[in-house]
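K.L.:
Right, I'll just put the structure down here and ask away after.
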């Protein structure tokens with residue numbers, strides 16, 4: 001029994017690593033997509049593809065499609081911020097490096113979530129959370145290159161700070177929905193409603209462009225919609241249930257590194273030193289805010305004795 005449990009944990013640890021690789025890959029491949037079609041059309045296609053892909057996943061896991069009527073308003077809010085996040089995400093990629101965008105968004109989102117949650121719920125921050133937010137603030141200065149006014153308020157920074165803010169708000173609202181629904185079902189309906197927000201684009205834009213795009217456009221869309229969002233997200237939530245919330249969530253720290261790596265390999269982007277320092281600091285901040293446990297430093301305490 002113990003061996004089986006260990007094997008399961010090893011298996012899901014490997015799968016979680018793969019899922020984070022998928023998440024990181026979505027950044028450079030999304031940038032490639034924006035070079036062939038408008039951000040609005042890409043967002044619609046992505047959400048539509050994700051919604052369709054989630055259906056067999058939900059059926060395979062034998063989950064219920066039913067949602068409580070009292071959650072409909074929250075679903076509209078979550079889908080709106082999800083749509084805004086994607087809009088900022090795809091438009092912003094036209095102004096700078098995909099790898100840096102990934103680091104800014106993935107690391108700032110949980111930091112802003114902790115800050116907004118403390119304000120919204122009127123809770124007192126723990127000492128470690130205050131340390132994390134302070135480190136996060138300093139790291140954000142490096143990531144956004146705050147030493148230059150022009151760079152700090154560049155379109156690139158504004159779009160991805162807006163994306164991180166949208167995701168933070170979305171996360172807080174989603175907590176209420178997750179009390180009533182399985183996370184995968186929640187993601188299915190969120191993606192479906194988000195697709196509806198972008199649905200008018202098919203009447204506004206020339207859809208014939210989809211007949212002219214290269215074959216790699218559809219491969220890129222498959223990677224960001226099916227591999228990254230549908231499969232990657234499904235693995236993540238199942239992995240968290242097997243490994244536990246702390247160990248499972250710790251795998252998300254791989255995502256910004258994965259985004260930088262694949263942006264270098266696929267797009268030839270060389271990360272700036274500010275991005276590396278800011279990204280490292282932000283990962284440390286996330287650790288203190290969300291993952292720190294007192295027993296993590298027991299080894300050093302014993303050594304000092």
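Every residue, even glycine, has its Cβ placed from backbone N, Cα and C.
No curator has checked TrEMBL annotations; they are predicted automatically.
Marked as transmembrane segment by TrEMBL: 12-29, 41-63, 75-95, 101-119, 131-149, 155-173, 185-205, 217-237, 249-267, 273-292. According to TrEMBL, the domain 'EamA' annotation covers 12-139, 158-290.
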K.L.:
So, by DSSP, how many helix, strand and coil residues make up the domain 'EamA' (12-139)?
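P.N.:
DSSP classes over the domain 'EamA' (12-139) add up to 109 helix, 0 strand, 19 coil.
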K.L.:
Near the transmembrane segment (131-149), which same-chain residues lie under 8 Å Cβ to Cβ, leaving out any that are not at least 6 residues past its ends?
P.N.:
100, 103-104, 107-108, 111, 114-115, 125, 157, 161, 274-275, 277-282, 284-290, 292
K.L.:
Taking contact to mean 3 or more CB pairs closer than 8 A (sequence separation of 6 or more), are the transmembrane segment (217-237) and the transmembrane segment (41-63) in contact?
P.N.:
yes
K.L.:
Among the recorded stretches 12-29, 75-95, 185-205, which has the greatest number of Cβ pairs closer than 8 Å to the transmembrane segment (41-63)?
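P.N.:
Counting Cβ pairs under 8 Å, the winner is 185-205.
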K.L.:
Quickly jot the same-chain residues contacting the transmembrane segment (75-95) by Cβ under 8 Å, restricted to those at least six beyond its ends, or write none.
P.N.:
27, 30-31, 33-34, 39-40, 42-43, 46-47, 67, 101, 105, 154-156, 159-160, 162-163, 166-167, 169-170, 173-174, 177, 189-194, 196-198
K.L.:
How about long-range neighbours of the transmembrane segment (273-292): same chain, 6 or more residues beyond its ends, C-beta under 8 Å?
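P.N.:
Contacts with the transmembrane segment (273-292): 97, 99-100, 103, 107-108, 110-111, 114, 128-129, 131-133, 135-136, 138-145, 246, 249-250, 252-253, 256-257, 260.
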